[in-house]
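Visitor: This is the structure, below, for whatever I ask next.
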Amino acid sequence: MTLAAEAARTAAHGFLSPTGVEVAFLLVGLATLGAALLTVTTRQLVHAALWLVVALGGLAVEYLLLTAEFIAWVQVLIYVGSVVVLLLFGLMLTKAPVGRSPDADSGNRPVALAVALAAAAALVWVVVDAFRTTWIDLDGPAQGSTDVMGQILFQHWVLPFEALSVLLLAALVGAIVLSRKKKEDES
Amino acid sequence: MHLAYPAVLAALLFAVGLYGVLARRNAILVLMSVELMLNAVNLNLVAFDVWLRDTLHAGQALTLFTIAIAAAEIGIGLSIVLMVHRNRGTSDIDRLRDTKEQPAAGEQPSAEEKAEAAA
């Protein structure tokens, strides 16, 4: 892209005048990020799972803002509906303490903080530098409606879809085999 | 919409998940952080798919596949954590040190016996 075209695009979009979608995306993104931070820092294990619900729900709203509505509803159904419930069951079955648990964080917290901050700084710097003059065109028909996604999925992605169902079956069988109680005489 | 918004949010979510994976001690909290990282990748996939206006919608199809694989992963992961908890009585990652190389041999028969009894 030439510099003149880049300047024209920047002028057309207005660098410092965000649109309504951008403002909504920013606000929901801040809420999502805050919920994610609370998920990884709270000392109450059940609260961590509930904050994860907020973070995943916020991400579903972000998908809606990106016009990917089918992904948004799948996110709500699978993540908020089943994954978090599975995690809560796991917390319950491992007899996690309900109240505050002082040993939720391990000893290598400073190292983890340093690694995460370095990763965040590097990724944000690269991403902002790379996509400084790139805009998503959200006009026109929704690109991720259920109609479009169904047609695409069952016309072009049938084989991966079927392979994925085999994988899910294998995971289901594996989970049953792993969690089955062994008979005493076997061991 | 500026592409930097979803990209930066995905990068920050990934970093938060990375911190959780490294800093948490309970195995289930580590699994939650892994979910956060997977979701950051999903957001990137959707944003770039919408930006590129891909005719095959590869990004969104891949997002669906990632969500299904994440569901399978959480099922297997939780059953492994439950099995470890049943055999060891703990799900703290810091205490599962059986494969750690010992500085002086001969000091760990109890842990090995426990692992063999569990297997």
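A Cβ is built for glycine as well, from the same backbone N, Cα and C atoms used for every other residue.
Remember, predicted model here, so these are calculated numbers, not experimental data.
Copying in the features that TrEMBL gives for the protein in this structure:
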type	residues	note
TRANSMEM	A:23-41	transmembrane segment
TRANSMEM	A:48-66	transmembrane segment
TRANSMEM	A:72-91	transmembrane segment
TRANSMEM	A:111-128	transmembrane segment
TRANSMEM	A:157-178	transmembrane segment
Visitor: Apart from its near flanks, which chain residues at least 6 from the ends of the transmembrane segment (A:48-66) lie with a Cβ under 8 angstroms of it?
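Guide: The answer is 21, 24-25, 28-29, 31-32, 35-36, 38-40, 42, 72-73, 75-76, 79-80, 83-84, 87-88, 91, 136, 138, 144.
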Visitor: Same chain only, please: residues at least 6 beyond the ends of the transmembrane segment (A:157-178) with a C-beta under 8 Å from a C-beta of the stretch. Say none if there are none.
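Guide: Sequence-remote neighbours of the transmembrane segment (A:157-178) do not exist; the answer is none.
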